[in-house]
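> Before I ask anything, here is the structure I am working with.
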Amino acid sequence: MATTRVYLHTLGCPKNRVDSEVMLGTLTGAGYRLERDPAQADVIVVNTCGFIESAKEESVDAIVELAGMKQEGRCKKLVVTGCLVQRHAEELSAELPEVDHFLGTGAYAEIARVVSDAQAKRLVVPDPDFVHSAATPRVNSLPSHTAYLKISEGCDNACAFCIIPKLRGAQRSRPVDDVVAEAAALAAQGTVELSLVAQDLTAYGYDLPGKVRLHHLLPELCKVDGIRWLRLHYAYPRDVPDALVEVIAREPKIVKYLDMPLQHSSDRLLRSMKRGRDSVFLRELLARLRARVPGIALRTSLIVGLPGETEEDFEDLVRFVEEQRFERLGVFEFSPEDGTPAADMAEQVPDVVKRARRDRIMALQQEISREHQRAMVGRRLEVLVEGRAEETEHLLAGRHAQQAPEIDGITYVNDGVAYPGELVTVEITDASEYDLVGHVVARDPERARRPLPAPAGGETPRRGGLPVVG
């Protein structure tokens with residue numbers, strides 16, 4: 001009997017990617033085979049995002065496009081999961097008759113049963129209380145040397161613009177030993193870089209017994225053999241104690257990079273957003289991080305066009321960006337989401353104004369980024385090699401410690417030999433606004449002694465540069 005083939009399409013954030021990987025693990029554990037081509041899949045799963053309007057539109061477009069595989073391919077069953085389902089299950093069910101099943105964020109563990117059971121309900125949307133554990137099957141969908149590690153699920157904040165608590169439920173932190181066990185399992189599969197994610201990373205542990213917090217978890221993760229880089233994403237600024245800053249500064253495995261969504265700098269807007277901290281607190285926190293963790297790269301995200309955002313508020317934000325000179329920065333245009341207080345606030349900002357404000361901040365950040373990048377020229381950086389560059393086979397592509405996967409720039413290597421997943425020392429010779437260029441100047445001696453090419457069945461080493469010689 002032929003094995004049923006499954007294709008899974010993921011939209012949204014890294015946390016959604018982890019959910020997809022858990023579903024893939026559940027499906028492969030039940031005997032299904034993963035398929036990269038949707039036209040060849042018997043079952044198609046779409047894991048959606050429902051955070052803002054543009055994400056919802058992208059999710060619906062993907063569902064409609066992949067539904068065509070029922071006529072054009074071999075697909076017999078289409079399943080839609082994730083945040084959009086948790087939020088709009090009844091509406092989606094009525095508008096998308098071609099979808100066989102809808103699973104909410106609390107039903108990921110049910111995916112194999114729903115796919116296999118001809119009598120399964122069409123809508124499976126329990127309360128959003130699922131959280132995976134180290135024992136939960138999971139298939140890493142990134143190259144084996146890097147992975148996301150979700151340390152908690154849900155969020156207890158009440159930001160006026162955000163729908164996430166309704167989609168993901170209350171915060172549920174995973175026990176320290178469970179998180180460490182999953183990290184060790186990933187390391188055993190060849191992972192050297194772990195990116196920690198959560199809806200609110202710095203709130204980790206307050207719901208666990210024993211007053212466990214993030215600064216208790218991190219040293220335990222640093223003890224995991226094989227893990228070389230740990231990076232922190234989605235660090236809510238409200239709760240960054242000195243103990244956490246000290247751990248970041250002290251532990252060499254924790255890369256000097258922190259992703260911290262600040263959203264705005266105007267005190268009036270921070271109050272209306274219910275962010276819980278004012279601009280004085282934010283500035284003091286950023287100064288403390290810069291002083292205690294020399295060389296740290298700070299990434300943030302901002303929202304422009306919030307209800308009531310005046311020109312004065314926006315100019316305050318421009319000055320804040322100019323003053324703080326973040327190494328990495330992204331900007332979202334405010335999206336009014338039904339069910340959030342901000343959606344019903346007066347003084348909604350026109351879309352054309354939002355777009356202009358976003359463009360102005362990003363143009364400013366491009367100049368700041370160019371300044372940071374140029375300062376890298378001449379430095380020697382540890383770079384994690386990913387493989388051949390997408391643009392040309394004559395370059396290797398990698399990332400240094402302050403370039404996160406999927407969201408930041410790339411370090412291109414134009415001369416030298418390295419294996420995918422290898423950490424090498426690269427001297428930077430050129431820079432653009434977001435990317436760097438350099439050549440390998442040092443490798444781990446054990447790696448460097450391995451022959452080129454590798455023995456049959458082993459890794460294939462990669463050479464950057466033109467011409468390619470071997």
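Keep in mind that glycine also has a Cβ here, set from the backbone N, Cα and C atoms.
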> Of Cys83, Cys155, which does Swiss-Prot put in the [4Fe-4S] cluster 1 site with Cys13, Cys49?
Cys83
> Looking only at the domain 'TRAM' (374-442), how are its residues distributed among DSSP helix, strand and coil?
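With helix first, then strand, then coil, the domain 'TRAM' (374-442) has 1 helix, 38 strand, 30 coil.
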> Looking only at the domain 'MTTase N-terminal' (4-120), how are its residues distributed among DSSP helix, strand and coil?
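Tallying H, G and I as helix, E and B as strand, the rest coil: 60 helix, 23 strand, 34 coil.
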> Per 10 Å Cβ neighbour count, which of the binding-site residues Cys49, Cys83, Cys155 ranks highest?
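The residue with the densest Cβ neighbourhood is Cys83.
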> Just the number: how many Å between the Cα atoms of Cys13 ([4Fe-4S] cluster 1 binding site) and Cys162 ([4Fe-4S] cluster 2 binding site)?
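Cα to Cα, Cys13 ([4Fe-4S] cluster 1 binding site) and Cys162 ([4Fe-4S] cluster 2 binding site) are separated by 15 Å.
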> List the residues of the same chain that sit at least 6 positions away from Cys159 ([4Fe-4S] cluster 2 binding site) in sequence and have their Cβ under 8 Å from its Cβ, in sequence order, or write 'none'.
Gln263, Met273, Lys274, Arg275
